[in-house]
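Note sheet for the following structure.
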Amino acid sequence: MAKPILLSISLCLVALVNGCLAQSGGRQQPRFGECKLKRLVALEPSNRIEAEAGVIESWDPNNQQFQCAGVAVVRRTIEPNGLLLPQYSNAPQLLYIVKGRGITGVLFPGCPETFEESQQGQSRIRPSLRSASFQRDRHQKIRHFREGDVIAFPAGVAHWCYNDGDTPVVAVALMDTTNNANQLDQNPRNFYLAGNPDDEFRPQGQQEYEQHRRQQQHQQRHGEPGQQQRGSGNNVFSGFDADFLADAFNVDTETARRLQSENDHRRSIVRVEGRQLQVIRPRWSREEQEREERKERERERESESERRQSRRGGRDDNGLEETICTLRLRENIGDPSRADIYTEEAGRISTANSHTLPVLRWLQLSAERGALYSDALYVPHWNLNAHSVVYALRGRAEVQVVDNFGQTVFDDELREGQLLTIPQNFAVVKRARNEGFEWVSFKTNENAMVSPLAGRTSAIRALPEEVLANALQIPREDARRLKFNRQESTLVRSRPSSSRSSRSERRAEV
């Protein structure tokens, strides 16, 4: 009897986990009318918070462009020796490292603490702290990151970041607030496990009012007889009674109150005191790190091949073949040698999707990293199955976007530090200025697909000559030239144009 019961329990657990993972994928539909965009604008951050060891800048999530795409975006600058406090959010995040290097920890619930201190490390602890009951430190895996990395953070999973380099870390993060993993609302929310941070997406004036209101409530509670003391901080422990926390952690009440960070004014990025942050981690050179990344990708390809074989054999994929605790969360798309598309005189494009980074199947997000050389052109194209949020990394580009009515909804310059949302199916073209143009695009599909309008792999090339000639009312010779004159597929070298310079002059006058 025991075996059938155990089998039944196992099947129930597999079905439950499979259902949970299935629920985490997919996106909610935006409210009706939110994508009726008559004009797009290249946006700068609208909110800025200065912390002890860095700066947090965010774009207004209520802007119609972000409401259409169902996303929120924040840019963080972490100074050397700066620590972004542990936090989790109500929506999955995809983060791109613009500059710098550092380490991060992602805290999956129930996963073992596989990084632990040695006896030698314990001997370095001050004698006053050593005792028979003293525990060696151990924690979950530490991951290194560097410029060009895409990092995936699932919804509700806590994480932290630390800058162990000599230059600031600049990171841009997109939160997919319409993902089914978010069952609250479309407002981006960060839940901190420490400190007294501000709401990154709320204007400063509103934050000051909210902080004043919390302080008044805190003072009123202190004056009420029999009222348990609660902190006035802004992390998840602040609202609990200190006595409850003391019981939960088995510590004294004073230590429990420190969790509430009542008088901490450092905000969400703090400076590590003294020397660098001391955590348990392997010391790798860049070459060793890249070698380990290649091994991880090879293991994932083997796992993916096994999954395909199991599905052909009639077995369902329950999402557990790659253990959650060992998920690879990072992929570098900034390295030129990693390019998926390359044209010698025009530029390159690299992508991260669920084929190259399987965790993105869970997040339902992907990313594109592009570089256009001076005056090069990314041919007109559209995204078949995703919105695209473009962040300009370096340089400038002339960008045009056209909607389903054939109306130009954006015809302007996109500069370093700006964001532009390109809705699904809207056609777009980019042309770099003299200094070139580099960007990263966050896309709201695990395998975002692009369809070019010109070039060797374009929709126009795929049409029969007769169809093209009759549709455009042109001779077949002209139709043939439209189909075959451009042999490149995606990135092309642009030819000089007097009309382009005159258009730029008119825009400058406006």
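Using the three backbone atoms N, Cα and C, a Cβ is placed for every residue, glycine included.
What Swiss-Prot annotates here:
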SIGNAL    1-23  signal peptide
DISULFID  Cys35-Cys68  disulfide bond
REGION    194-239  region 'Disordered'
REGION    284-319  region 'Disordered'
COMPBIAS  284-318  compositional bias 'Basic and acidic residues'
MOTIF     318-323  motif 'NGXEET'
DOMAIN    331-480  domain 'Cupin type-1 2'
REGION    487-510  region 'Disordered'
Using a 10 Å radius around its CB, how many other CB atoms surround Cys68 (disulfide bond)?
20
Look up Cys35 (disulfide bond) in the DSSP assignment and report helix, strand or coil.
coil
Could you pull the average pLDDT for the domain 'Cupin type-1 2' (331-480)?
96
Around Cys35 (disulfide bond), which residues of its chain at least 6 apart sit with Cβ under 8 Å of its Cβ?
Cys68, Pro423
Which residue counts does DSSP yield for the domain 'Cupin type-1 2' (331-480) in the helix, strand and coil classes, in that order?
24 helix, 73 strand, 53 coil
